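Copied over from TrEMBL:
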BINDING   8, 10, 207  Mg(2+) binding site
ACT_SITE  8  active site, nucleophile
ACT_SITE  10  active site, proton donor
BINDING   182  substrate binding site
């Protein structure tokens, strides 16, 4: 029996900023029933408040407290392992900056002052930012990446993701970062802690076999694959063997009592 849900956003609830049929009904059902859920994303560019606003514009109303990003994972990780405040050089956007500010950390502009280099998707990245990041790491700063997704889909086509920036830095410094987002376990561990449900009674719903489903299997969760986003062929699906497979979240919603 599933007592809580972690639900991926892009490719699962919406595609190209358009809601997938059944998304609103599923979220409304869980909310009305009082079933714990979090909307999970590797994207570190937005704060939960900004994500909630985007969802509301598409037709889903959820409070920011129901949204958990890789930048939130960063905050939980730093609280546990590196209680601060400390000095961080950031290659990233609002989600990371606001999270660090909430911890009382100092955002520095010079590599000489940086104790940490924290990287996420930064759509205004330039040579100077990369230079400061690699110099800071070479001088001993701890290197953390919110996620390592190499690309993300848009109506124009695939665009460089946080992983492309991380790889540019790693190529120079020869040091691998601490990665917090999917497919690493940190994001799930902290999200489930917030949810308050046992791992084995928590379902992860997503469109990616290589992150959502593989990670859920590894951690002993109930895995639900939807076929609306990024997924492999039939042979690959059989190999990973999700607990449930649905065409989309609309079909999941219609069959929700199979999980509850």
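For all residues, glycine too, the Cβ spot is worked out from N, Cα and C.
With a 10 A radius on its CB, residue 207 (Mg(2+) binding site) counts 24 other CB atoms from all the protein chains.
Across the structure, residue 8 (Mg(2+) binding site) and residue 182 (substrate binding site) are spaced 11 Å apart at their Cα atoms.
Listed binding-site residues: 8, 10. The one with the lowest count of other Cβ atoms within 10 Å of its Cβ is 10. Within its own chain, residue 182 (substrate binding site) has 40, 42, 70, 147, 188, 208, 211, 212, 215 as residues 6 or more apart in sequence whose C-beta sits under 8 angstroms from its own. Mapped onto three states, the DSSP output places residue 182 (substrate binding site) in coil.
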